[in-house]
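Feature annotation from Swiss-Prot assigns Mg(2+) binding site to Asp11, Ala13, Asp187. The active site, nucleophile annotation in Swiss-Prot covers Asp11, and the record cites sequence analysis as its basis. What Swiss-Prot records for Lys53 is active site, schiff-base intermediate with substrate, and it gives sequence analysis as the kind of evidence.
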Amino acid sequence: MMNRIHAVILDWAGTTVDFGSFAPTQIFVEAFRQAFDVEITLAEARVPMGLGKWQHIEALGKLPAVDARWQAKFGRSMSAADIDAIYAAFMPLQIAKVVDFSSPIAGVIDTIAALRAEGIKIGSCSGYPRAVMERLVPAAAEHGYRPDHWVATDDLAAGGRPGPWMALQNVIALGIDAVAHCVKVDDAAPGISEGLNAGMWTVGLAVSGNEFGATWDAYQTMSKEDVAVRREHAASKLYAAGAHYVVDSLADLSGVIAHINARLAQGERP
């Protein structure tokens with residue numbers, strides 16, 4: 001039992017709940033509008049996904065197109081005080097909205113059950129702050145998704161992604177003996193970096209999450225050609241971030257775990 005996976009550490013939006021990661025993206029658009037009457041697009045809102053939300057807003061302000069709009073309106077770039085104001089608008093909107101995006105993505109419940117049947121523990125972490133997670137976690141539990149542990153982006157003094165700290169806090173809480181026996185699963189590049197920085201195997205999700213950027217209903221009616229183009233776009237970003245594997249969704253994870261177990265048995269490490 002030594003050379004096998006003992007824990008998976010899962011992201012939330014776009015990985016286990018909220019197909020397409022729509023809860024945070026729509027709220028960023030609304031928060032910019034509410035705080036400063038500045039328009040950003042959904043596509044722009046998606047670019048820094050995976051970071052903590054204050055850092056996400058900061059990164060949005062540095063996007064050339066957003067900075068140009070800000071300069072045109074205010075004659076300067078976005079300041080820390082501006083970020084605070086947008087974050088203050090973001091938080092109540094996100095807390096109110098997140099429960100509406102708490103249903104597990106197709107295949108998640110069955111995959112978790114299969115992993116637990118193999119003795120694998122289920123950790124989790126998120127770019128959401130604790131105030132949002134305290135609404136999301138019980139809502140997801142009502143739908144049947146209950147990880148063994150969760151960490152919010154503002155829980156740790158060291159910080160959040162792309163640093164390793166949230167993933168490593170899961171290792172401590174779950175009592176896992178080696179980071180090489182852990183898999184970090186995420187739909188965005190900062191979460192892949194988090195897993196790599198923590199010394200873990202990493203699996204990117206190309207269809208269920210932020211980079212693919214479609215609702216479940218839109219995905220169901222999409223042409224094979226459109227799916228292939230979007231999948232390739234998402235997979236290329238996740239592989240560029242260093243993902244060891246990229247699959248469509250969490251429903252495909254069990255086969256990856258078996259492959260990693262075979263590599264561990266041969267003495268390989270992440």
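Cβ atoms here come from the backbone N, Cα and C positions, even for glycine.
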Neighbourhood of Asp11 (Mg(2+) binding site), C-beta criterion under 8 angstroms, separation at least six: Gly50, Ser124, Cys125, Ser126, Gly127, Val185, Asp186, Asp187, Ala188, Gly191
Per DSSP, three-state class assigned to Asp187 (Mg(2+) binding site): coil
Asp187 (Mg(2+) binding site) CB neighbourhood, other CB atoms within 10 A: 35
Euclidean distance between Cα atoms of Lys53 (active site, schiff-base intermediate with substrate) and Ala13 (Mg(2+) binding site), Å: 13
Packing count at Lys53 (active site, schiff-base intermediate with substrate) (other Cβ atoms within 10 Å of its Cβ): 25
Structural state of Ala13 (Mg(2+) binding site), classified by DSSP into three states: strand
Neighbours of Asp11, Ala13, Asp187 excl. site residues, C-beta within 8 Å of centre, Mg(2+): Trp12, Gly14, Thr15, Thr16, Asp18, Ser21, Met49, Gly50, Ser126, Asp186, Ala188, Gly191, Leu205, Ser208, Gly209, Asn210
Helix, strand or coil at Lys53 (active site, schiff-base intermediate with substrate) [DSSP, three-state]: helix
